[in-house]
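*Asks:* Attaching a single structure in structure tokens format; questions to follow.
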Amino acid sequence: MTKETASFFTDRLAAADPDVLTAINHELNRQRKQIELIASENIVSRAVLEAQGSVFTNKYAEGYPGKRYYQGCAPSDEIETLAIERAKKLFGSEFVNVQPHSGAQANGAVLLAVAKPGDTIMGLSLDAGGHLTHGAKAAMSGKWFNAVQYAVHPETQLIDYDQVRDLALKNKPRVIIAGGSAYPRHIDFAFFRKVADEVGATFMVDMAHFAGLVAGGVHPSPVPHAHITTTTTHKTLRGPRGGMILTDDPALAKKINSAVFPGMQGGPLMHVIAAKAVAFGEALQPSFKEYAKAVVENAQALAARLKERGSDLVTGGTDTHLALVDLRPLGVTGRDADCALERAGITCNKNGIPFDPLPPVKTSGIRLGSPAATTRGFRKAEFLQVADMIADVLDALSSKGEQGDPAVETAVRQRVEALCDRFPLYPEL
């Protein structure tokens, strides 16, 4: 073995590429010192990190367990089968595909499996809390399909179920989609299934945001109602970034497998599937139920305190891991709010609210989520403190204008760092 070959297999990142290590350490320090409230983000275990950084990253494994196109796939079959079986047990589903690289890939594969370009699909509109992949004009789902969007009621800001049925009867969609990225309440899956059956549609639920809450038993499961359920494997499920598709229908399972590979993707990411298996194993433990319960309780505590401090909440609160704050009464935009909060050490995202008069780059709201800080160890007492910090920053924006108040932001940042120091992340990294 040459010296160059030996160093290729032995040099750590610090020696091989210090510039990349520096950037990674910057991100590690950011995560350690900031409070993460982006609802779609979470913090994985050291075990998930280890699996995702494993030698499975070297392996191509096109196909499915027992039916690969390459040799040398026995360990890949082992890890993918483990991930599948754990997911089936976790969600009570007969068939699971763990290969989608993302939630968007999973949703795209479902549409490829059950619809043709030009078919009508129905989903919750983006400004009402839906997702790009549910028929938004800018996305593939809105360009390749005749996308009909249902909305929320202007007074309650809850899904307008009467409108859902009326639109379905009028448009006879091929696919009806429930789920979203900024809808803070439970969804009546049984109603959607009844409507889908009435018009002969395939009913798909995208549970990407609340899958971990379903796994933890604190959120109604869509799996018994949906023909097909999709999800990401991160967010509340607390695994690596990736996607997954579930169904109880063997005919649909066959179509889905073909749509994922070779329809949408080539080789699966076996190192990510290994990490998915780890995360599913973690979610099967009793402690995960306690985690999921805390996620909801913390989000509700955060929302309630913000309401006490004068914020308006879309739908008045939350049943899930996220809350949507309407900033219009404060005269503050989402863009100004998320920038000011980041300066203060709290990360969230600007977000449109139902019937938002502002464009997506500005918005009238912010979205706040509890999963990451709950993973860190925050409980109700800490979330009440966080809510007060957020309210202080928002009040300063309201009174001082879009630049905010540097003194308030500095004081909040000091409180944030003190709180973060009590709940350290990855101490051995």
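Using N, Cα and C of the backbone, Cβ positions are placed for all residues, glycine too.
Positions annotated as (6S)-5,6,7,8-tetrahydrofolate binding site by Swiss-Prot, on the basis of sequence analysis: Leu126, Gly130, His131, Leu132. Among the features that Swiss-Prot reports, site 'Plays an important role in substrate specificity' is placed at His234, with the record citing sequence analysis. According to Swiss-Prot, the feature N6-(pyridoxal phosphate)lysine maps to Lys235.
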*Asks:* Name the residue among the recorded positions His131, His234 whose Cβ has the smallest number of other Cβ atoms within 10 Å.
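*Replies:* Fewest other Cβ atoms within 10 Å, among the recorded positions His131, His234, is found for His131.
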*Asks:* Output, ordered by sequence, the same-chain residues six or more apart from Leu126 ((6S)-5,6,7,8-tetrahydrofolate binding site) with a CB under 8 Å from its CB, or 'none'.
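*Replies:* Long-range Cβ contacts: Leu132, His134, Ala136, Gln149, Gly352.
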*Asks:* Using the Cβ center of Leu126, Gly130, His131, Leu132 as the (6S)-5,6,7,8-tetrahydrofolate site position, which other residues in that chain lie within 8 Å, going by their Cβ?
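*Replies:* My list of surrounding residues reads Gly123, Leu124, Ser125, Thr133, His134, Gly135, Ala136, Ala139, Gly180, Ser181.
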*Asks:* What does DSSP say about Gly130 ((6S)-5,6,7,8-tetrahydrofolate binding site): helix, strand or coil?
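*Replies:* SS state of Gly130 ((6S)-5,6,7,8-tetrahydrofolate binding site) = coil.
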